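Participant: Residues annotated as active site, proton donor in TrEMBL: 116. Annotation comment: TrEMBL describes 22, 23 as phosphoenolpyruvate binding site. For 92, 121, 122, 123, 124, 125, 307, 329, the entry in TrEMBL reads UDP-N-acetyl-alpha-D-glucosamine binding site. Residues or ranges marked as domain 'Enolpyruvate transferase' in TrEMBL: 9-407. Annotation source TrEMBL lists 2-(S-cysteinyl)pyruvic acid O-phosphothioketal at 116.
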Ligand code: EPZ
């Protein structure tokens, strides 16, 4: 297994390009199951989760070609509608094939994804919504066994909780259903919006895109014709690098971003004391005279993103005063806290709230990654810790950050990937 060796105390500088968004790419790849033509998806990040999802589509019988961040996918010769445990357990976003497979092929079996480091991550809301659309769903031997012999029918779906992949699954299912669906309390993340826009351009009549209420007129099982797709920039990758500049109090520039997706992150960084200048597709962050403590409560978009919570906790160790971070979406998304404490961070955890008493001097240490975003927080801490840190189990990072050490090297960090 690989690990990262980082020597802290180095200022960052220069500019990097941000990759396409993993969390936009996954539902877009799933949506090709609704397509009757070959679909080209560009600006895919070359990360493990993308390759895992493409393997899943191939396992189902799709023709897939992937190189240079572009995938060409044809799902017309699909032979199999069973997404097996061995692939779903690697990536719970595989659940995104449930809606499209059921809508297009009228039956499918998808392994229950199971929990992960950050929480139980149930999919009850996905299942409940599909049942409202006429699906007959059983859960047996760890699999969701679903069928809709007459196809899915449009329904009024009111999500009890806002769920990103739940919304995406139902939006895709409703696109091929018979009649109109109305989806209330739907997620508004930019990744959900791009999925809606792509389906609309493929011929689906969708109203209310970007709002929390969608009206979708299904094609009654008629396959869609997709235009070429280019994945939106990764707002979480961009936010992670902005926090890297923040913890080292450096000036860097990010290209290929969409600043309209970064509102909550930008305003929080400005509140801490950083100056940022940006246009539609690039952003520069400048050093702060001093870093002020802050408060965060994670929320669904456009609120503060839970996927940026760990990175801001690393930043909070460098802020003067008491910062408070409340995690409202997941029940166990503080796995990075104990590792940050081992590096000298003064953090007190009580239920779903962390109190960070900054400013802390951090010391290099061997630490272990536990989940994708927690791992990135450990890198940020290592960038300002005294001496050397080693970050182990970085396969978590490779799931969602493209060319991570190359990008940090380009910014001047002292970082190297080694073999255990
Ligand atoms: C998506 O996960 C993202 N993943 C996550 O990013 C992100 O943290 C999360 O949304 C929240 O923004 C992808 O888009 C592939 P949810 P998802 O369903 O859809 C509860 C990363 O680091 N819930 O919006 O699985 C759930 O337990 C990943 O890139 C139910 O109770 O999250 C959670 O408390 C991590 N029942 C809350 O809703 C359900 O059926 C939000 O979960 C579904 C969800």
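For all residues, glycine too, the Cβ spot is worked out from N, Cα and C.
Unlike curated entries, TrEMBL annotations are predicted automatically.
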Participant: Among the recorded positions 23, 116, 307, which have a Cβ atom lying under 6 Å from any atom of ligand 1?
Facilitator: 23, 307
Participant: Quick one: among the binding-site residues 22, 92, 121, which has the most Cβ atoms sitting within 10 Å of its own Cβ?
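Facilitator: Top count of Cβ atoms within 10 Å goes to 22.
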Participant: Taking every protein chain shown into account, which of the binding-site residues 124, 307 has the largest tally of Cβ atoms within 10 Å of its Cβ?
Facilitator: 307
Participant: Roughly how wide, in whole Å, is the group 92, 121, 122, 123, 124, 125, 307, 329 that binds UDP-N-acetyl-alpha-D-glucosamine, by largest Cα to Cα distance?
Facilitator: 22
Participant: Return the residues near residue 23 (phosphoenolpyruvate binding site), defined as same-chain residues 6+ apart in sequence whose C-beta is under 8 angstroms from its C-beta, sorted by sequence, else 'none'.
Facilitator: 93, 164, 189, 191, 234, 236
Participant: For the domain 'Enolpyruvate transferase' (9-407), would you mind checking the mean pLDDT of the predicted model?
Facilitator: 96
Participant: Any idea what the Cα distance is from residue 121 (UDP-N-acetyl-alpha-D-glucosamine binding site) over to residue 22 (phosphoenolpyruvate binding site), rounded to a whole Å?
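Facilitator: Distance (Cα to Cα, whole Å): 18 Å.
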Participant: Taking each of the recorded positions 116, 123, 125 in turn and counting other Cβ atoms within 10 Å of its Cβ, which one has the fewest?
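Facilitator: Selected from the recorded positions 116, 123, 125 on minimum Cβ neighbours within 10 Å: 116.
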Participant: Just counting, how many other CB atoms are there within 10 A of the CB of residue 122 (UDP-N-acetyl-alpha-D-glucosamine binding site)?
Facilitator: 15
Participant: DSSP three-state call for residue 307 (UDP-N-acetyl-alpha-D-glucosamine binding site): helix, strand or coil?
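Facilitator: For residue 307 (UDP-N-acetyl-alpha-D-glucosamine binding site) - judged by DSSP and reduced to three states - the answer is helix.
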Participant: Restricting to the chain of residue 329 (UDP-N-acetyl-alpha-D-glucosamine binding site) and a gap of 6 or more, list residues whose Cβ falls under 8 Å of its Cβ, or answer none.
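Facilitator: In sequence order, 298, 299, 300, 306 meet the Cβ cut-off.
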Participant: Hey, of 22, 92, 123, 125, 307, which of those binding-site residues are within 10 Å of residue 116 (active site, proton donor), Cα to Cα?
Facilitator: 92
Participant: Helix, strand or coil for residue 22 (phosphoenolpyruvate binding site)? Use DSSP.
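Facilitator: In the DSSP reduction, residue 22 (phosphoenolpyruvate binding site) maps to helix.
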